[in-house]
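Asker: Handing you this structure, nothing more for now.
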């Protein structure tokens, strides 16, 4: 008996010693119960239930987990509590999207696609798996599934990681759509949108529209820089210049003709015709190469405007502005700076002109301010026709007549001419044949007469002419050369006329009011400003109306 008792005690000692060697950290209490009095139950740590079979074997099962398979001779010490942790699994897990929590610490074990201490936050972009601890490997804007990490490709891409674009001819979601027909496209269509990839110079969904004016290149994004109505290549933006222009943007000129092979020779900023090279002159210039200023008395574009400056003033050839001589002022230089009869810087010197041989300005003739007794600065006298000299006290030299004695007398056979009118006084034995010497040269006249205003040629003359002018004009119908002076007035008073005046081919002396005479233009004509002598009026039986403002009737070259 004693031996048997010692053997039992030895076995119990060995069992207890081996069990304590395999213990986990102890706790204050244990919920295990004894299945057989011969075995000792060790202390159980938090979150564990204890199973055992013999002193050499034991296993632990976590709270909430299915116990492992037990041999037939094992029995669970206590039932498992789902969603618990801690001592005796007495604490509830605080998790949102987790399958369980750690039985000891209570840490939530998140389901795939969730993260956070309570598993209440979804995975951030680019992460997936349990606690979102895996990185996504999707490309080209694909969506990564946070549960599996699989890639959902954006339209236009394919492959496990969406790394490949759709094959040529297809586009859209899963590359399932076929491209439309694009007539001007470098590739069938865009793999994402299905829009045609247009060649440079074309636009539109189907690439069937050319770039709008002023645009060129890929997607019509370039801005044309061509000038002077040149053509811009819609593909590359290169300028195709019109004749006469060259340079990258067709802005250079100075040449004309095919391929701009000839030099322009226009002066004074004249524009060169790009085809013919003809010069288009700027205002105030004329000539084949625009090298000349407008002639005296003309100005403006093509020198088409007539100057209206007076008192010896010249007008600026570009805009017609009057360049007054010293002593005159006003837009037309029509105002004397000194009163009539005075001159000098301070207008304190008296004119010394001959009282009857000098042109004077009557007070009633305010429209003739261009005529005065003497020059307001120089004191020079303005002589009546037939008179000369500083003081207008000398007659014209022999053989000359008219204003300034500039006209040459045409009297023959010893005849002398009137220094004022140029009329011939024949020597004894000679007479003046009225319009007989030039009969053979007469042809289509352009006569000047104070009653023929608004007429530039014989064919355009309208209205009746009083005799003896009818006979005279009939005789002059074919005249083309300057003829001798005719001292027969029409007797008609004309107060208005063509603004351009008449352009005569011959010299005819007629009596006319000064206002009418101012409207005449031409190269050869002149008007005699004398009144018709009573003897001449009776000889031709003229019935003349009175002239208004007769004190202003003067002779004008």
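Using the three backbone atoms N, Cα and C, a Cβ is placed for every residue, glycine included.
What TrEMBL says about a protein is an automatic prediction, not a curated fact.
Okay, these came from TrEMBL:
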DISULFID  153-162  disulfide bond
DISULFID  281-290  disulfide bond
DISULFID  324-333  disulfide bond
DOMAIN    128-163  domain 'EGF-like'
DOMAIN    256-291  domain 'EGF-like'
DOMAIN    299-334  domain 'EGF-like'
DOMAIN    461-544  domain 'YjeF N-terminal'
SIGNAL    1-17  signal peptide
Asker: So how many other Cβ atoms are close to residue 281 (disulfide bond), meaning within 10 Å of its Cβ?
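Answerer: So the Cβ neighbour count for residue 281 (disulfide bond) comes to 23.
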Asker: Mind tallying the domain 'EGF-like' (299-334) by DSSP state, helix then strand then coil?
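Answerer: Per-class counts: 3 helix, 9 strand, 24 coil.
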Asker: List the same-chain residues at least 6 positions away in sequence whose Cβ sits under 8 Å from the Cβ of residue 333 (disulfide bond), in sequence order, or say none.
Answerer: 309, 310, 311, 312, 313, 322, 323, 324, 325
Asker: Long-range neighbours only, meaning 6 or more apart in sequence with Cβ under 8 Å: which ones does residue 290 (disulfide bond) have?
Answerer: 266, 267, 268, 269, 270, 279, 281, 282
Asker: Quick one: average pLDDT across the domain 'EGF-like' (128-163), no decimals.
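Answerer: Mean pLDDT for the domain 'EGF-like' (128-163): 88.
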Asker: Looking only at the domain 'EGF-like' (128-163), what are its DSSP counts of helix, strand and coil residues?
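Answerer: The composition, in the requested order, is 0 helix, 10 strand, 26 coil.
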Asker: Which three-state DSSP class does residue 281 (disulfide bond) fall into?
Answerer: coil
Asker: Across the domain 'EGF-like' (256-291), what are the DSSP residue counts per state (helix, strand, coil)?
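Answerer: Within the domain 'EGF-like' (256-291) the tally stands at 3 helix, 9 strand, 24 coil.
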